[in-house]
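Comments concern the structure below.
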Amino acid sequence: MAILVTGGAGYIGSHTVVELLNANKDVVVLDNLCNSSPKSLERVAQITGKQVKFYQGDILDTALLQKIFAENQIQSVIHFAGLKAVGESVQKPAEYYMNNVTGSLVLIQEMKKAGVWNFVFSSSATVYGDPEIIPITESCKVGGTTNPYGTSKFMVEQILKDIAKATPEFSITILRYFNPVGAHESGLIGEDPNGIPNNLLPYISQVAIGKLPQLSVFGSDYETHDGTGVRDYIHVVDLAIGHLKALDRHEGDAGLHIYNLGTGSGYSVLDMVKAFEKVNDIKIPYKLVDRRPGDIATCYSDPSLAKTELNWTAARGLEQMMKDTWHWQKKNPKGYRD
């Protein structure tokens with residue numbers, strides 16, 4: 001039996017595929033490569049010594065999904081595929097709803113037809129909107145999202161809740177990520193954004209390597225200890241292991257399960273800059289600029305439910321995140337384009 005990973009050539013997807021292969025799972029990957037490179041899967045094979053079966057295409061393509069389910073004995077689906085830039089989602093809401101909401105719905109419908117009932121969904125802390133309580137627990141209010149990306153994740157969560165009620169065969173696990181950073185310790189796979197990075201650490205590391213002249217810090221007037229936004233940064237390998245734990249715990253269970261995957265600690269943008277400088281002994285020039293639309297001041301998790309139910313905790317600290325990010329960037333100054 002195999003696991004279908006949509007978006008498996010992407011940043012979080014490729015790291016999760018490594019953990020699945022290391023746990024001796026058979027893996028099938030579907031990715032349209034709009035934000036990723038097929039090289040990531042070649043590197044996954046290098047790391048693990050194992051191959052995945054790869055289909056290039058879109059989750060909106062029902063004929064392709066039917067072909068994948070017909071040709072492979074899929075037992076579970078981990079669904080990463082989707083657009084994920086907060087700022088871009090404000091400019092292109094229709095594309096975000098089409099890819100993230102309609103795409104998820106098409107995938108679920110085809111799973112149902114194929115009799116595949118285990119589903120792990122890559123959600124996001126953005127579903128909490130501007131949180132009323134910090135740290136954020138799974139029972140905190142969702143909705144009130146501040147950008148179309150967050151709204152698209154919230155909408156899919158609502159759809160999944162309704163499907164879980166209506167179709168008791170489904171085992172649905174929703175994983176709400178906080179801010180994934182870092183890279184595999186080998187330096188072979190990591191985050192490789194197209195154009196100017198939307199996420200903080202690739203931005204910092206591209207400044208460090210000389211690809212960008214300086215870091216733009218979006219917003220310095222938030223109500224935080226230094227005025228810059230505070231987030232819960234989690235090492236991507238810890239996040240990947242969380243998917244494996246969720247799959248092992250709930251494969252074959254019925255019902256809906258929701259977990260925060262974070263460290264439970266919040267760091268500001270300037271905290272992260274200082275940590276990167278200290279660990280890697282490099283100066284990062286930065287300038288303070290206006291806030292980005294849709295951004296909030298503070299967001300970090302209470303991950304204790306994942307610890308209790310999945311026996312999962314984030315093991316890698318800030319130093320490891322910085323070290324692995326810089327190792328990946330130095331080894332791959334142009335990302336996968338080298």
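Just so it is clear, glycine is given a Cβ too, placed from its N, Cα and C backbone atoms.
Here Swiss-Prot flags 11-12, 31-36, 58-59, 80-84, Asn99, Ser124, Tyr149, Lys153, Phe178 as NAD(+) binding site. Asn35 (NAD(+) binding site) carries neither a helix nor a strand DSSP state and counts as coil.
Long-range neighbours of Leu200 (substrate binding site) (same chain, six or more residues apart, CB within less than 8 Å of its CB): Asn179, Val181, Arg231, Val269, Met272. Leu200 (substrate binding site) carries a helical DSSP state (H, G or I). The annotation substrate binding site is assigned in Swiss-Prot to Ser124, Tyr149, Asn179, Asn199, Leu200, Ser216, Val217, Phe218, Arg231, Arg292, Pro293, Gly294, Asp295 on the grounds of similarity to another entry.
Its Cβ placed at the centre, Tyr149 (active site, proton acceptor) has 26 other Cβ atoms within 10 Å. In three-state terms derived from DSSP, Tyr149 (active site, proton acceptor) belongs to a helical segment. Sequence annotations record features per position, and here Swiss-Prot assigns active site, proton acceptor to Tyr149 based on similarity to another entry.
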Cβ contacts of Asn35 (NAD(+) binding site) (under 8 Å, same chain, 6 or more positions away): Gly10, Leu83, Lys84, Pro193, Asn194
Separation of alpha carbons, Lys153 (NAD(+) binding site) and Ser124 (substrate binding site) (Å): 7
Residues that sit under 8 angstroms from Tyr11 (NAD(+) binding site) by C-beta distance, when 6+ apart in the chain: Ser36, Pro180, Gly190, Glu191, Asp192, Val236
Rounded to the nearest Å - Cα separation of Val217 (substrate binding site) and Tyr149 (active site, proton acceptor): 21
